[in-house]
Each structure stands twice: as C-alpha cells, then as structure tokens.
C-alpha cells in the first residue's frame, strides 16, 4: 500500500509514530484518525456478540416448538438466505466502505439521512431498557450465591397459591352408588377415588413465579402505580452501566479485548448446561418436544410460521439498528466483509438451534419431576429466563452452581449486545466531531452511560417491568422494519445497486457476474418485498401491549406511539431540510439530494482510486448538502 501521503506525525496511543504504519509494529491502524480493530478476530467476536443476544436463548426455542419443531428450521434457513444475510452483508459493506457510522454514512444519499438518525434514536431507546434486563440477570446471579436458591420453595414471601406441584380442586367420584362432583378434601376424607379424566386443579403458581413478581420486581398493579425505586435493582443497573462504560472507555481498543471473554464464554456455559441437561430424566421428552417427534411439516402451509421465521431472523441478526454499520466502520478498507457476513449469520443461527437443546433438555426434566406435560412448563421471554428455567434449575442437585452459570451466561449475552449499541451512539458522536472525540472519548463515553443510567431508573421502579415491556413493544418492532426497508430501497434503487456493488468490489476485489446474481435478486426484489410484507403484517396485526393479564392505561399506549413517532419522524424532517437547503427548483433540489454528497467515498485518499479521485475531505461538513452542480462520481 505504500506510505500515507499526509505529512508529519500523529500519535498512536501515547507514542509519536510515523504515518507509515505498515512498518511500525507499535501502530497497526490503517485509519489513524478513527482507529481500526486490532485484528480481525476482535471484529468478528464483536459482531457475533452483537448478533447473538438474549433472543437466541429465550425467543427462538419457543418459536421452534410453537411452529412445528424441527420443521421450523426450513423456513428459518430460507429466511436467513433471503432476508437476513442480504441486509447484514449490505450494512457491513456500507460501514466498511465509508468508515463512517449509521448517520454520516448516508452522505451516499442525503435525502435518506433521517434513516440513520432513526436507527440511532431506536438504539438509544432500546439500550435504556436492555441494560435493565442485564440488571435483572445480575440480581439473579447474586441471588444464586446461596446454599438454597431463594425461589426453590414457597418461603415467607409466598401466598396460598404458591405450590411446586398441582393441587387437585375437585373431581367426580362414586358415593353410595351415585356419581357426584365433590371437593378433593371430601374425597380423601371418605377414602374415595376420583374418576379418571374428571379431575380439576387449583390455579397455582411456581415459587419462581412468585419470587419474580413479589421479591425481584416487587411488581405493582400496573403502569399507573409507579411505586418506589427497587434499590437492589437500581444498584444492579448501575453495575451494568459501569461494566459497559469500562469496556468502552477506549472505544474498540478496549471493547475488542473484552469480547474475547464475553462472546466466547457463553458457548462454554451452553455446552455445560446441555451436557448436564442431557443426563437428566425427562430430558429426551423436552428435546423431542423442541425438535423431535413433535415436528409438524404441515405447519409450513401456515403463513404465520413464515412470518415468525422472517421476523426472528431480522431481529436476531440486529440489522437496521445501526450497530453493524458502526462496528464495520472500524475495519480496514480491504477486509473481506463478504466472508465475515456469512460466518456471523451462520454462527448466529446455529447458536439459536444449539441453545434450544440446552433449554428444552432441562425443561423436559422439570416437566418430568412436576408430573406435567412439557407444554405446560415451556415459555418465552421473561417468563422463560426468570420463571420457568430458574424453577427447573432449582430442582437439580447443586442447583446454585447451575443457576449461577445460567445467569452469568445471560449477563454476558446481554453485555455483548449492549457494547455494540452504545458504540453505535459514540460512533455517531465521533463522526459529528472527530477531534473532540479523539481527545475526550473516555469522558464522553462515561457521560453517555451516565445519562442512559438516569433515564433507565424508571425501569427499576415497582412498575419498571411495565415500562420495559412498553418500550420493547413499540420501539423494537415496526420502526426497525421501516428503517430497514428504506435502507435497502434507498441504496439499491436511488443510490444504485450497480454502483454499490462497484463500491464493494473496491474493497474485496472484482467478482464475476455470476457471483452477484443471488445478491442482486435479493437486494433488488426479494429482501425489500419481504421486509415490506412483514411491516404490513405487523401493522395489520398490531395490538396494544399487555403484561400477562395487566392491560395498559390509555396514556401508556399514547406514550408508546409518541416514542415510535419520535423515532421515525426524522426521516421526513431531514429529507425536507435537505431539500430546502439545496439549490434550484423543487425537482432539481430533490434530484441533487438523491446524489451522493461531494465528501462521500472511502475515508482515506489512497483507497479512492479513479472513481472517487475528486472526492473532498470526508471531514469537510460543508459538502454534506449537495448542490445542482454536485459531481456525479465516475463509474468504472
């Protein structure tokens, strides 16, 4: 690559070094201003950590069991190829090509820069409650450091509905030659027997369910009853933010080291839990329920199954959040982002399937011990992570060990994703003012984490779980589908799919036409159609949020709509502002805003080649508003 053309010296760490980084082992950054990943493994582990999150453990296994067991893997794999992988590859390529975050990368298409802002706003709202979930896991982790798990029995906090086994309420029995319906206490007092198939049971709750609601959350009656801040959850939330701030204090230079542990160790724990679960009685019943004899190939005829597969792929890969663009922006220009995208997507999906075996083997044992069908102990989301699975773990020998491992795994899975989300925010700040961020990255990161911690305190009140559910219901749904659909439409149909492919080939080398056939089919037609179809489906089937049987008040629903409107309103606002600032009549202004800005292209001059030889300095903000005379970049 030769010497960098810029004069003088810049610092790499604390040491003054020549800009010819290639010959200097003390500085391997290609882009000295923004910095690069120390090596490829740090980038890949960060991507895996970002994509593999809590949903792989507490969402996918439940969807698989609900939608035909092993048969669900067919639509899941197809949707990975058609919807997940194309968008994942596109976002990684975009960030790497421009070396810019999700907002500034839209210099490629100024009219759509609001899409990048929407991604950042959604990431901000989600990171507020996502760390609260990590706080829940931290609380349970600390609660597991006892000889007897506090949710293993109905202790002093429990009420009369708490029970580990089903309690018979009444049944039909024969009394003096007549068949009568009798209370079970009458049946036992008179030494009678119940007629098979006539037994009804009292509605009871596992100790883990009551512990979750009464002790861990101290849950109030609804969103209207805020109550007090639950102090131990607030401390766990503070600890979670301290960990995030410490890991990101030096940006990717520090987080890249942390992910060696946080991204890899969950796989060790999953393997341990799977091996332990597979040795338990009833484990086979759970696994068969997950992916074995319960598999139903006829389920593939139902549209709901395909919608669930596409939705799970889209959200589990963390596309349209802006994080993939931000993480990839620190890559070296000629990194093979194509191979990276395939590797990470396959790893993510394989993790989901693998986690299902670990989860269902132990749930199968729980069903065996409690003499219930597996379907009655299976759940998803919070109920799986903090009720069903803890209950199952409490029935194992040396239960505190298994409980500690499980919640430690949840903490690590959550932290990886949280690192990337917060890095998305700090990368956006860096693109706005690189010089200040270079000098004050640590303090700015601390400030961002402190503000997000304060905003999250509402989520650790007694009504906190309702707030978490409200934000998740509105902000982690169709707002992302809108930004994802507009992203692929803008890049392919306005910026130009052919031009974008040429940009990618500048990084990974010239490819044959046959190489791009699949990607063109997906980018130009299949993927946007699927995203729009899921979006329309989500809008038509939308319902107001509930938590269990608790219905949200009208003002809570209005607040939820306000959050999503605040997230997506930047798309039209920024488009209007760009048009107003452009020159010429209305059509000329719109046309100029659909052209790349003059400072769009590879960040470093030596990577621009002939196609971007006339590009202005990327740090020049004055050229972000295109004019009628804006240069239309040459194509090869």
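Using the three backbone atoms N, Cα and C, a Cβ is placed for every residue, glycine included.
Automatic prediction, not curation, is the source of TrEMBL annotations.
Straight from TrEMBL, the features:
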- 49: Na(+) 2 binding site (BINDING)
- 51, 52, 56, 316, 348, 413, 416, 417: Na(+) 1 binding site (BINDING)
- 154-162: disulfide bond (DISULFID)
Neighbourhood of residue 56 (Na(+) 1 binding site), C-beta criterion under 8 angstroms, separation at least six: 316, 348, 351, 352, 355, 413
Top Cα neighbour of residue 417 (Na(+) 1 binding site) in the set of recorded positions 49, 154, 162: 49
Distance from residue 416 (Na(+) 1 binding site) back to the residue listed as 'Na(+) 2 binding site', taken between C-alpha atoms, in Å: 5
Pairwise Cα distance for residue 162 (disulfide bond)/residue 51 (Na(+) 1 binding site) [Å, integer]: 38
Cβ within 8 Å of the mean position of the Cβ atoms of 51, 52, 56, 316, 348, 413, 416, 417: remaining residues of the chain near Na(+) 1: 48, 49, 50, 53, 54, 55, 318, 351
Distance, residue 154 (disulfide bond) to residue 52 (Na(+) 1 binding site) (CA atoms, angstrom): 35
